[in-house]
Amino acid sequence: MVGTGGPVATFSVWDYVVFAGIILVAAGVGLFQAFRGRKEASSEEFLLGGRQMTAVPVAMSLTASFMSGITVIGTPAESYRFGSAFWIFGFAYAIMSAISAELFVPLFYRLGVTSAYEYLELRFSRPIRIIGTSMYIVQTALYTGLVIYAPALALNQITGLDLWGVLVATGVVCIIYCTLGGLKAVIWTDVLQMVVMLAGFVAVIARGAVLQGGLTKIWEDAGEGGRLQAFDFDPDPLKRHTFWSIVVGGSIMWTAIYAINQSQVQRYISCKTLGHAKMSLYVNMVGLWITVTLAVFSGLTMYSIYKNCDPLSNGDVATPDQLFPYLVMDILADFPGIPGLFVAAAYSGTLSTVSSSINALVAVTVEDFILPVYKDLTQKQVSWMNMGLIANYRVNYFFLFLSFFPPFSFQAALSIFGMISGPLLGLYLLGMFFRTSNSIGGLVGMIIGLVLTLWVGIGGQIYPPTAEKTNPLPLTTAGCNNTIGQNYTTITPWTSPVTLAPEPDYRPPLADTWYSLSYVYFSLLGVLTTIVSGLLVSVITGGCKQDKMNSELFVRKNDLICFSWCNKSKESDITEKPSANICMGADNPGFKEDDVMSKDVEKNTRL
């Protein structure tokens, strides 16, 4: 009987057929785009789609890129255990979209960059660009490892889906269409994968509504279980999720993910006009709203079904990430092929994120490390290098991460972005808004910000916050059929998604203060620390020479005008790149303006 505990069915033949069919169709879409644009084999075509993409497919790709398999199985579990507070991230998405579209898109589009980290060299110095790129590579490697392994392990343990076979198959599919089609193939494949992910949520909600007697019943059960008390206005920064932590901290965290992350920047600068680039972020905002709403309501549906028998407390599942796959097999196993649709949704999220990450890693590797050193490479050599790097990164992910990654949660993935992207976002804001900042201040500020965020982030994993700060909601096993010696209501303890060490008996004083800082505030901490310390060091070291200023590298008032006007008046900006680093003269006496101009000429010739 549904919702009363015990073992659930495993994958059927039809589930495998549906799963394989959807993955093959996604690959077919990517291959079609690859062969359609085969004659246009330039590096710009491969990495940026020839800068001819339109807003809607790019927007769907932006949404799919970070709506990974972790999101598909992790967000419903979050809603089930902690309530609907996660939906408040919708406000953060709106703020993030406005900041990214009105401040960062015009800047990157105006500079005509391929790598987002080119800006750091133009504004500060080449060593800072290399450090920024390296931070991105480390962050992306860690995040992509989680995206590959965590959903696969959870699905394998619940559905019986062959872990290694599916990972090898999806890896091969990803390599094929990424290698042959480049960014254009990735974007159009993301469009299909986005539809599949949303269809998976809808299938679960629809079946749950039938079983429970309608959506109204699900909503009533969620209210009675305290799952609808989303708006907690407590200003305590140590509480895991409050209105303020999600709106303020979450806005900065998602800005760090969308505004300066190469995986996202590479998409919106592939748009054919600035208007399309801005519009893609606003349409993406709507996509994020729809996705988080369906994911949260899927969690509420799960609570309505398991309100009297929590699978986690009952021992039917071992980790929270297994809750949603368990629900799918419990309520949809009687419909051959539908569980396959859900698993395809989870793996579509994984494929989307992995393909986006690999394409972006290739772009920064080529643009930031290889081309500045090997300046006389031919277009054919660059194209073969791009394809070789894609295969190399995918194989490395397979052997490195699948070998030792333990299960992680959605929070762990976001924590990685907070710890690394926060200081990096602070560095960009320091350069974009404060003309007095120089490369010494930027470097020192970023290092201080990174040390602080790593300190609090890693400390919080070793000494997880207590239930008083994480606020798990009550769950019960009173209605379970196979509960042995249990008939009570519990609050399932929250445990850290990343276990760096066995839980210690001794908790230092910092464990319940500094280490308990909400993970949503990691980015804000990194941004503020980097900007404040960077400004102080810049002032101490003499600031930036005023006569070296170049207005192209700062936020401008007309960047904020609506896209219809920008679309007409700023299209020509993409062809103009600043010819000199605005503080290079002060920080690097050997710098020559002609050197940068010659690099631009060489790059344009290659493209």
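Backbone N, Cα and C atoms are what each Cβ position is placed from, and that goes for glycine too.
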Annotated range (TrEMBL: transmembrane segment) out of 55-74, 555-574: 55-74
Best-contacting stretch, by C-beta pairs under 8 Å, relative to the transmembrane segment (410-430) and drawn from 130-151, 242-260, 281-306, 519-540: 519-540
Winner by Cβ pairs under 8 Å against the transmembrane segment (195-215), considering only 16-35, 242-260, 281-306, 519-540: 281-306
Contact yes or no, the transmembrane segment (242-260) and the transmembrane segment (519-540), 3+ Cβ pairs under 8 Å, gap 6+: yes
Stretch contact, the transmembrane segment (16-35) with the transmembrane segment (281-306), Cβ-Cβ under 8 Å, 3+ pairs: no
Range from 55-74, 281-306, 326-347 with the greatest count of C-beta pairs under 8 A to the transmembrane segment (86-109): 281-306
Beyond the flanks of the transmembrane segment (326-347) by at least 6 residues, Cβ under 8 Å: 2-3, 8-19, 22-23, 69, 72-73, 76, 151, 155, 158-159, 161, 166, 170, 196-197, 199-201, 203-204, 207-208, 211, 301-302, 305-306, 311, 316-317
